[in-house]
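Sequence annotations record features per position, and here Swiss-Prot assigns topological domain 'Cytoplasmic' to 1-14, 66-72, 165-173 based on sequence analysis. Taken from Swiss-Prot, the feature transmembrane segment covers 15-31, 50-65, 73-90, 146-164. Marked as topological domain 'Periplasmic' by Swiss-Prot: 32-49, 91-145. Summarising the annotation, Swiss-Prot assigns disulfide bond to C41-C44, C105-C131 and lists sequence analysis as the type of evidence.
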Amino acid sequence: MIEFLRRIAAHRLAWGLLAASALFLELSALFFQYVLGLHPCVMCVYERLAILGVLSAGLLGMVAPEKWYLRWSALLLWGYSAFRGLQLALKHVDYQMNPSPFNVCSPFADFPSWAPLDQWLPWLFFPDGDCSEISWQFLSFSMPQWLVAIFAAYLLVFVVVTIGNLVKGRCCS
């Protein structure tokens, strides 16, 4: 089983599936924004950035998964992005489930001055929605609740694949 897990991270197909799943989520977010007319809030924008981190990890892993340093860089980016995405989605769910004048998100994105993504790519990163508003549901779960499940799944798969790569084996030097 460990050998199988090590082999997964050493193949482009697995990294491609990771990138494709994140690309699907990004395209879905743009569909919700531009076709259905839902306005992204600050937390939505940050969650998009976390998904872009997972997408970037998948693309980095596809470059040369047999090279340990690229594989581990992709794994670390994947793990960090999934973890931060889960934190953000949980906080976003808290804003929605416990609305209060004292529990609100900022109306402005707080990107570093050296990377003002909301100014560089406003069509993707400009927030103009309300974090506590539930404007869409599927199977009675809001979008941030679905993102909790998605980021938790990304994190779980990351942990399993990473454990497989930490254990010494005969594969994938």
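Each residue's number is its place along the chain shown, starting with 1.
Every residue gets a Cβ built from N, Cα and C, even glycine.
All features noted in Swiss-Prot, drawn onto the structure.
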residue: C41; record: disulfide bond; Cβ neighbours (10 Å): 25
residue: C44; record: disulfide bond; Cβ neighbours (10 Å): 25
residue: C105; record: disulfide bond; Cβ neighbours (10 Å): 19
residue: C131; record: disulfide bond; Cβ neighbours (10 Å): 22
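Calculated from their C-alpha atoms, the gap between C105 (disulfide bond) and C41 (disulfide bond) amounts to 9 Å. Beyond its flanks by at least six residues, the transmembrane segment (73-90) meets 9, 15, 18, 43, 46-47, 50-54, 56-58, 60-61, 65, 144-145, 147-148, 150-152, 154-155, 158-159, 161-162, 165 of its own chain at Cβ-Cβ distances under 8 Å. In the predicted model, residues of the topological domain 'Periplasmic' (91-145) average a pLDDT of 85.
With DSSP states grouped into helix (H, G, I), strand (E, B) and coil, the topological domain 'Cytoplasmic' (66-72) comes out at 5 helix, 0 strand, 2 coil. Cα of C44 (disulfide bond) to Cα of C131 (disulfide bond): a span of 8 Å. In the three-state DSSP reading, C44 (disulfide bond) counts as helix. Sequence-distant neighbours of the topological domain 'Periplasmic' (32-49) (same chain, 6+ residues past either end, Cβ-Cβ under 8 Å): 26, 85, 88-89, 91-92, 95, 105-110, 117-118, 124-131, 133, 135-136, 143-144, 147. C41 (disulfide bond) sits 5 Å from C131 (disulfide bond), taking the Cα positions as reference.
In the three-state DSSP scheme, C105 (disulfide bond) falls into the coil class. The helix, strand and coil residue counts that DSSP assigns across the topological domain 'Periplasmic' (91-145) are 18 helix, 6 strand, 31 coil.
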